[in-house]
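**Q** Sharing a structure, written as C-alpha cells. Questions coming.
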Amino acid sequence: MAKERIRIVVCGDKGVGKSSLIACLVKDQFIPNLQDALPAVTIPRDFSASPYSPQNTILVDTKNSDLAGLQKELKNADVIWLVYADHDSYERIALYWMMMFRSLGLNLPVILCRNKSDDGIEYCRSNLTAGGEGDCGTIVEDEEFIPILKAFKEVETCIKCSAKNKLNVNQAFYLCQRAITHPLAPLFDARIGELKPLAIQALKRIFVLSDKDQDDYLSSEEIAALQKKCFGKTMDVNELNFIYKTLVDLSASNQQYADCSLFVQNKGITKMGFLVLNKMYAENGRHETTWGILRSFHYTDSLSISDKVLYPKVDITDTSSVELSPLGYRFLVDVFLAFDKDNDGGLNEDELNVLFKCTPGLPKLWSETCFPYSTVVNNRGFITLQGWLAHWSMTTFIDYKTTTEYLVYLGFEKDAKLALHVTRARRKRRRNGIFYRAPVNDRKVFNCYILGKPNSGKSSLLESFLGRPFSETYSPTIRPKIAVNSLELKGGKQYYLILQEFGQQEPAILENQQKVMECDVLCLAYDSSDPESFSYLVNLVNRYQHLKALPMVFVALKADLDKQQQRCNVQPDDFTEQLLLEHPLHISCMWPSSLNELFIKLTDVALEPAKNTPELVPEPIQEDTTVYWQATVVAGSLLGLASIFTFTLSRLINSWRNVPN
C-alpha cells in the first residue's frame, strides 16, 4: 500500500558511482569529484511525475569503511539500491553483498544497477520487457543480469545507468519507489514465471465479482466498468481490441494455452484469460496495472484485505444490538438474485459454492448452526430469499463482524458499516421496586431462548417455526439448535425472530448471566401430556432468579394430546398467577394457527416487555377523566347561563312593576 515515506539505501563497492547517481538525480547533472558519501537527501512527492510516489523519499548514501553504520542503515531501509560498475564489483554482488543482506536477515527488495554504462540504455527484469517510468525499457538478453535474477529472489529488477550521461537515473530511482509502492514479489514468481497462488486467488475473486451477469465471461461492458472502478477512466475501444487480439494470438501461438480459451468472440474474456493478462503485466513490468486492480478491491501488499475494511469500527453500547440497514438488505437481495442462475427462487449447493468462492468459505457461525436447515428452505432443501435474509439478520445480530467481513468479500463497495443499523441502548424502568425493560420501537430482530425439559417438544417447535412437517421420531438435542424466520405483525410490520434451544448446554448457558441478558424473551415450554414436565420449569425459575429480569411466556406443548395433571406442588395456572403472568398458551405442532399465535405473542412481548415481566404489578388503569371534565364544563356553562337568564328576568319584572299605571 502507499507509504508516506520510503527509505532507499544506496550501497555498493567503493568507486562504483553511488554518490554520483544521487547527485545526478537531485541536481539533474553530472557532478565530478564528490565527497566520499553524501548526507541523506529527502525528495518530496512533487519531484517525480509518477502518481505512485510517496510523500517523502529519503536517499541514504553509504561508505564501505563504516561497516557498522552501513549495516545500521540497511536494517532501517525499505529498499536497497545496489550499484556495481565493472567485472570486479559485479563478482562481489553474489559473493559479498547478497550474502551480507541475508546474514543480516533482511527481506527487502533489491534494485540492481550497473552504473557507468555510458554506451547505451538497457534495463532488464529477467529476459523480459520491464517498462519503467516513461516505458523506456528494451528487451535485454544480458549474461550479467540473468544469473543474479535466478540466484537471488530478492533482486526485483536490474537496470543499466550512467550518471555521467544522465541515462536511466530517474528510472532507477522510480524502480526503487515502485519496489515498495507496487512490489512484484507478492504477485509473481520470477523463477518459474507464474503468478503466485495468493495473487491467483485474489484475481479469481475479482473476476467473479466483476462478472455481473455470472456467465463466466467479462464482456466489454464489464471490462469497462472494472476499468472505471479501478482507474477512474474509460477504456478506449482500440485498447480493448488490442487486449482481445493479444489473448487470441497467445492462444494460437502458445502450447501452454492450447487447451483453454482466453477470449471468446461475442462473449468476452474468460477467467483464465484474465489471469493470463495479469501474468503478462507482471512479466512485462506493468504490474502497477495489476496492483491498481487489486487495491481498488482493498487488497494490501500481503494480498489480504485490510482488517480496517473487513471490520470497520462500530460504536455499540453493551445493551444495543446490531441489525442490517436497508442498504445491507438491498445488497444481499441483489447477491441472491445474481447467483440464482436457474431463477427457481432458491440457491442450490452448486450456486452457493460459486457464491462463496469470493469469500473464505461458509462462515463458521453458519456451519455451527447447520445452515441452511436453520432457516427457510424450499421443498428441495434450497435456501429461499426469505431464508437468506433471515439468516443474515441472525448473523448480524449474533456477530456483526462476520457480516461486514462477508459483505466486503461479496463485493459491497461502500463502507461496510453503512450496511448496519445499531439500535438504541436497551432502557430500564422501575415500578414498585422492580426493574423491567422499556418498550422497544427501533428493532426488527429479536432473540428468544426456549427452555424446557428434554422431550417436551422444543425441537419440533423450531421445525414448525421454519414451516416443516411434524415428525414422530424423537431425537434428543445434544448441541444447541437455532432457527430464524421472518414474521409479519398487525399493521404489516416485518420482524425477524431467532429461536434458540440449548440441549445439554442449557445449565451452562443459564449460569452465564451475561449470555442470558442477550435474550429478549424467554419461552418456557412443557409437555402438557407429561405429568413430570412442568416441575422442571418451576425448579428452573426458582434456581436461576436472574431469569425473572426477562419477560416470559409459558407454553403448554402437545396440546393435541390428553392433558395431564402436573405432579408438582403448584399447577401451571397457579404458578403463572404467582408470577403475575398470563396462563400458559396451549400449543400443538398439529395446530398451525396456535403456532402462529405463539410466534406473534413472543414478538409482541419482546416489543412490550413489561406485559410479561415476572412479579411486575400491572400499572394502575387510570380512569379517563376527559368526559368528566367535559360534563363539568357543560354543567357550569349551563348554570352560568341560567343565572344570567334569572337575573335578567328579575330585572325586567321589577322594571315592569315600577311603571306607573
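Glycine residues also receive a Cβ, built from the backbone N, Cα and C atoms like all the rest.
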**Q** Pick from 543-563, 627-647: which range does Swiss-Prot record as transmembrane segment?
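**A** Within the set 543-563, 627-647, Swiss-Prot attaches transmembrane segment to 627-647.
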**Q** Could you give me three numbers for the domain 'EF-hand 1' (198-233), the DSSP helix, strand and coil residue counts?
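**A** Helix, strand, coil within the domain 'EF-hand 1' (198-233): 25 helix, 1 strand, 10 coil.
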**Q** Using a 10 Å cut-off, grab the number of neighbouring Cβ atoms around the Cβ of D211 (Ca(2+) 1 binding site), all chains included.
**A** 20
**Q** For the domain 'EF-hand 2' (327-362), find every same-chain residue at least 6 residues outside the stretch whose CB is under 8 Å from a CB in it, and list them.
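**A** Residues 204-205, 208-209, 212-214, 371, 377-378, 380, 382-385, 388-389, 392, 396, 403, 406-407, 409-412, 414, 418-421 contact the domain 'EF-hand 2' (327-362) from elsewhere in the chain.
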**Q** Counting other Cβ atoms within 10 Å of each Cβ, which of the binding-site residues D61, D118 scores lowest?
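**A** Minimum Cβ neighbour count within 10 Å, taken over the binding-site residues D61, D118, occurs at D118.
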**Q** Among K18, K63, K116, the binding-site residues in question, whose Cβ has the most other Cβ atoms within 10 Å in this structure?
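**A** Buried the deepest by this measure is K18.
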**Q** Secondary structure at G12 (GTP 1 binding site) (DSSP, helix/strand/coil)?
**A** strand
**Q** Note the Cβ centroid of D340, D342, D344, E351, the recorded Ca(2+) 2 site, then list each other residue of that chain whose Cβ lies within 8 Å of it, in sequence.
**A** F339, K341, N343, G345, G346, L347, N348, F382
**Q** Within the domain 'EF-hand 2' (327-362), count helix residues (DSSP H, G, I), strand residues (E, B) and coil residues, in that order.
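**A** Here the numbers are 23 helix, 2 strand, 11 coil.
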